[in-house]
């Protein structure tokens with residue numbers, strides 16, 4: 001027995017030595033190629049590790065040195081306290097800033113935060129929880145970028161350490177938007193791992209925290225149809241719907257109309273004073289229903305154009321997506337990481353561009369996707385410097401408070417540049433699909 005233990009010990013030590021040797025060899029090679037370290041996507045994980053370590057210090061410095069600003073946290077706590085006290089009628093749940101307008105997943109998650117922070121009174125603990133959430137979100141985002149291997153690592157500095165507004169949204173304001181986006185990025189990682197069922201569950205959970213995640217839904221639907229056809233996609237879609245029903249069941253049993261009308265209110269009116277993207281419009285036009293319908297029509301039209309001309313390129317009718325993949329004329333090909341990510345990120349970005357209003361906390365809806373949108377499918381006329389300028393102008397627009405006509409116009413111009421290069425730039429489809437198309 002002793003001899004066996006010694007053999008296992010030597011084997012374990014040998015494995016550890018080999019792993020250490022490989023790590024040392026990789027680091028030595030990285031040092032030798034240090035000039036490429038910031039421009040070669042294969043070094044994403046190394047740069048990400050350094051940036052995450054820096055972010056630990058930056059985030060906790062922000063918590064201890066920059067004053068917390070109360071906006072919605074007390075309202076969140078008052079809303080979930082009503083549920084804790086036995087009120088399940090959504091029309092009776094409200095906080096200081098108005099009625100509860102988020103789905104049931106929000107209630108359960110913030111109920112946990114309510115208990116973890118001494119009924120919401122220990123702001124310091126809440127900030128540290130959100131700091132951990134911020135770091136976890138970064139890890140999930142970096143893992144997505146590592147798998148796509150498209151974005152030069154130097155860009156990640158601007159995605160982390162350089163954004164004051166995003167740090168503020170996470171640890172100085174404690175909004176629910178970061179919670180929804182963390183779950184969304186977890187969902188995308190699961191989709192990239194081909195865990196479609198679990199990915200759809202996490203996607204539905206993200207929707208149950210905040211409805212903005214539905215902006216990714218057209219892209220997800222397209223991917224499901226591409227991968228499985230209609231019959232194969234229906235169980236995944238049913239899973240998403242079933243999770244929403246299960247989470248909302250206590251409230252649906254009490255007042256189903258009240259729950260659905262409050263938590264999934266697509267017609268909710270936004271205040272002009274908080275808009276970041278439409279400040280240059282007259283307020284009556286901003287509030288007019290006709291303007292909202294025009295935006296919705298433009299949103300749907302652009303999604304349709306991207307689906308027909310950019311996402312679906314097999315040469316068959318887009319209705320072929322409804323068929324079982326094995327029965328299509330063009331042999332089905334596995335979805336690549338870049339197909340999945342580009343479709344989802346583009347779907348969300350189109351929704352952002354035509355949103356009726358963007359408030360300051362909404363920046364996290366697409367902030368972490370901007371490097372991919374700018375660098376993964378670049379048009380030839382977009383230099384690194386020009387793309388950094390676009391990122392900088394977007395950051396400046398979101399940091400201008402209160403927003404001005406100029407900041408809103410600059411934001412729309414940057415969005416237009418990104419949309420244009422998404423339309424004109426190369427699309428990340430696998431070579432096998434292209435070859436199949438030519439053969440067909």
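Each Cβ is built from the backbone N, Cα and C atoms, and glycine gets one as well.
What TrEMBL says about a protein is an automatic prediction, not a curated fact.
According to TrEMBL, the feature transmembrane segment maps to 43-63 (among others).
For 100-117 (among others), the entry in TrEMBL reads transmembrane segment.
Listed by sequence, the residues of this chain that lie at least six past the ends of the transmembrane segment (129-145) yet keep a Cβ under 8 A from its Cβ atoms are 41, 44-45, 48, 51-52, 55-56, 59-60, 63, 113, 116-117, 151, 156, 159-160, 167, 170-171, 174, 178-179, 181-182, 185-186, 188-189, 192, 341, 368, 371-372. Residues or ranges marked as transmembrane segment by TrEMBL: 129-145 (among others).
Annotation comment: TrEMBL describes 151-172 (among others) as transmembrane segment.
What TrEMBL lists as transmembrane segment is 179-197 (among others). The list of residues near the transmembrane segment (179-197) in space but at least 6 beyond its ends in sequence, with Cβ under 8 angstroms from a Cβ of it, reads 106, 109, 133, 136-137, 140-141, 143-144, 147, 203, 205-207, 209-210, 212-213, 216, 223-224, 227-228, 236, 239, 337, 340-341, 344, 364-365, 368.
What TrEMBL lists as transmembrane segment is 203-225 (among others).
The transmembrane segment annotation in TrEMBL covers 237-253 (among others).
Residues annotated as transmembrane segment in TrEMBL: 290-309 (among others).
If you look up TrEMBL, you'll see 362-381 (among others) marked as transmembrane segment.
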Self-check item: Recorded stretches the transmembrane segment (100-117) and the transmembrane segment (203-225) touching, at least 3 CB pairs under 8 Å
Solution: yes
Quiz item: Quick one: do the transmembrane segment (151-172) and the transmembrane segment (43-63) have at least 3 Cβ pairs under 8 Å, skipping pairs fewer than 6 apart in sequence?
Solution: yes
Quiz item: By a Cβ-Cβ criterion of under 8 Å, what residues six or more beyond either terminus of the transmembrane segment (203-225) are in contact with it?
Solution: 102-106, 109, 176-177, 179-181, 183-184, 187, 191, 196, 232-233, 236-237, 239-241, 243-244, 247-248, 263-264, 303, 307, 311-312, 321-322, 335, 339-340, 343-348, 350-352, 362, 365
Quiz item: Counting only residues 6+ away from its ends, which parts of the chain sit with a Cβ under 8 Å from the transmembrane segment (362-381)?
Solution: 137, 141, 144-145, 148, 150-152, 155-156, 158-159, 163, 165-166, 169-170, 175, 177-178, 181, 185, 212, 215, 276, 338, 341-342, 345-346, 348-349, 352, 355, 387, 390-391, 394, 398, 418, 420-422, 424-428
Exercise. Give residue numbers and ranges for long-range contacts of the transmembrane segment (237-253): same chain, 6 or more residues beyond its ends, CB-CB under 8 A.
Key: 88-90, 103-105, 108, 197, 200-201, 203-205, 207-208, 221, 224, 259-260, 263
